[in-house]
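Here's the structure, in structure tokens; my notes come after.
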Amino acid sequence: GYCSQEDSDSEPELFYTARTSLGRRPRRRQDEPSEWEKTELDQAQVEQRIKEYNSQINSNLFMSLNKDGSYTGFIKVQLKLVRPVSVPATKRGPSLQAGRPHPQGVKRRTSFYLPKGTVKHLHIFSHTRASEVIDALLRKFTVIDNPRKFALFERSEKDEQVYLRKLGDDEQPLRLRLLAGPSEKVLSFILKENETGEVNWDAFTLPELHNFLLILQREEEEHLRRLRHRYARCRQKMQEALAALTPGSMYYDEDGDLAHEFYEETIVTKNGRKRAKLKRIHKNLIPQGIVKLEHPRIHVDFPVIICEV
């Protein structure tokens, strides 16, 4: 959504950037240019490459060779920005009285998120540098943020792996496009935040720095929440495992027989008459111990399963 620096009542609403992380992410493979990117072409090879390039595309985004040996063409840049960008705020509110000067010294700005998957085609020269491409993109969207906050990356796919490399300021994107051909899998361009690992804090305003502290606090809270959830799940699994290991109600006797109860036959005399009587044995019995049940049951001898799958 939109918010104005002058009209917003709270800084968190003004500059809150969800999903922004200050943690240093692991750098992807291939930080150096590929071998084909180091290829130097003479004039005849450039002309031949341009003809091959134009024959492979299905649009009007052709490359053209100029008389001075340079060439022009189109590159497509995908914007993948997780933080909001700032543009000049529109003038709102009551109009000033005639003859009174406009207040100076207050720069109003509006911060908003660019839609995900935003794509922009730029018509550039072969000698146009990556830093100039960034400036052109920011002008297209009237972004007034410092261009050093952004970086141009090349994305390529090889052997089912994705490689991402940050372009140097003096590299020429159209030259790379010509060498790679029109395939987006071989080469595509992405504009992202310039994450170098060393944050240039001087490039941010005080509200943005305050917001970074809020982001760190939110990340810490989220990390703690995930840890608590993880250990709660482990505790639940252990409790379920303990519940599945039910102590058996049977015993082993001295002969190794297993039963719930053991009796021995004895002869008793009552009123001068002898008769047999069963006497329960309580000595020298070994408990069966822990018994793992395949499914939760009311009792070990009760075969009805009390759960549904």
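Including glycine, each Cβ sits where the backbone N, Cα and C put it.
Caution: TrEMBL annotation is automatic and unverified by curators.
Given the ranges 217-244, 245-272, 273-300, the record in TrEMBL names 217-244 as coiled coil. Looking at the domain 'Ras-associating' (106-196) alone, the prediction's average pLDDT is 88.
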